[in-house]
Amino acid sequence: SMVKLICTIADHGDDVNCCAFSSSLLATCSLDKTVRLYSLSDFTELPHSPLKFHTYTVHWCCFSPSGHILASCSTDGTTVLWNPQNGQMLAVMEQPSGSPVRVCQFSPDSTCLVSGAADGTVVLWNAQSYKLYRCGSVKDGSLVACAFSPDGNFFVTGSSCGDLTVWDDKMRCLHNEKAHDLGITCCDISSQPVSGFELKYKSTLSGHCAPVLACAFSHNGQMLVSGSVDKSVIVYDVNTENILHMLTQHTRYVTTCAFAPNIHLLATGSMDKTVNIWQFDLETLSQARGIEDQPKQFIEDWSEDDVSTWLCTHSLKDLVDIFKVNNIDGRELLNLTKESLTDDLKIESLGLRSKVLRKIEELRTEVKSLSSGIPDEFICPITRELMKDPVIAS
């Protein structure tokens, strides 16, 4: 499989709101008012963790690009800077309006920090002197999302009213646009360079069946991950917009997702109080890159060629000819059993048989998660679980 779960962290006492990586650490923050720090070498918690100061929910945490400073922000109206190596507090920066701070983000050169609050105020702080540099605000809604361009020339904020606002590094408003009808929950800017600035609609990814709460690009800009109220995490290939992976480990809303810089790790956090760490298998990634015509999302609709492609992706090249001769398409593939592999397809090797059965089982799980077969109106719109006693009201 391309992605495997390598660790589940279950130390927080309440919803996990955000997780962030530096090159050596993982930070997580929660409704339980704490920020926790873990070493990436073995995922053990650092001795000075949890970091305690905030008096309410910690909404967001992020490392400066160098990894030397950690920022966290909270409903208590503060943005706090920490030294992640020893857990010492470097500064407490209070939102001038005292409003709950929902998001904070460092500029790429670490000199500035933006904090966005529930009353729509956005503050640009000098991250060296901890002084307020500029202040602005959006006309409607809470600021819940923020991202800097890779060169630091501008940053984007997203509001609960659905507005994307683009600011330059002096906090002049360059552009404002209604991007989502029901509010923005998260935004991220890819590292892939863009020449000149212009904001225009490119495409829509609609793999989730409930609100999307989090999104993040991988550091090379090739993958995009999203987490949703439907409890799933989807990894997309940015270039083809295909779904590479659907991860369904969490049992409640997925609130946050982050890729590690330069290491092939993904962290996802949820209201189930856990953080899952996933590892990407590089070889499969580069193979997925090379397949021009990736199998279509609905496995039942795969052609015989799609099945051959799938076999090659999972190093089962030896079976391609047998499957071709027997006209195995997607629907047939999902119906294969141990008996049909042995008796009908005459696959001698036990190893090959069990490997292909394992892979088919993974496909079946994927089919189940893509279409649980339960009509949407029987699923609670809030928890996304099957309702025992559904009632339809006008």
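Our numbering is plain: 1 for the first residue shown, then up by one each step along the chain.
Glycine too: its Cβ is placed from the backbone N, Cα and C atoms.
Across the repeat 'WD' (51-92), DSSP classifies residues as 0 helix, 24 strand, 18 coil. Taken from TrEMBL, the feature repeat 'WD' covers 51-92 (among others).
Feature annotation from TrEMBL assigns repeat 'WD' to 94-135 (among others). When pLDDT values are averaged over the repeat 'WD' (94-135), the model yields 95.
Per TrEMBL, the feature repeat 'WD' maps to 147-168 (among others). Here the repeat 'WD' (147-168) is broken down by DSSP into helix, strand and coil counts: 0 helix, 14 strand, 8 coil.
Taken from TrEMBL, the feature repeat 'WD' covers 205-246 (among others).
Taking Cβ pairs closer than 8 Å, the repeat 'WD' (247-288) reaches residues 1-10, 12-23, 26, 28, 30, 40, 43, 213-219, 223, 225-229, 231-235, 237, 294, 312-313, 369 in its own chain, all 6 or more past its ends. Sequence annotations record features per position, and here TrEMBL assigns repeat 'WD' to 247-288 (among others).
With helix defined as DSSP H, G or I and strand as E or B, the domain 'SAM' (302-366) counts 49 helix, 0 strand, 16 coil. The domain 'SAM' feature in TrEMBL is assigned to 302-366.
For 373-394, the entry in TrEMBL reads domain 'U-box'. Shown for the domain 'U-box' (373-394): DSSP residue counts in helix, strand and coil, namely 3 helix, 2 strand, 17 coil.
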Close approaches to the repeat 'WD' (147-168) from elsewhere in its chain (Cβ under 8 angstroms; 6 or more beyond its ends): 103, 105-109, 114, 116, 120, 122, 136, 138, 140-141, 174-189, 191, 193, 197, 199
Helix-strand-coil residue split for the repeat 'WD' (94-135), DSSP-based: 0 helix, 23 strand, 19 coil
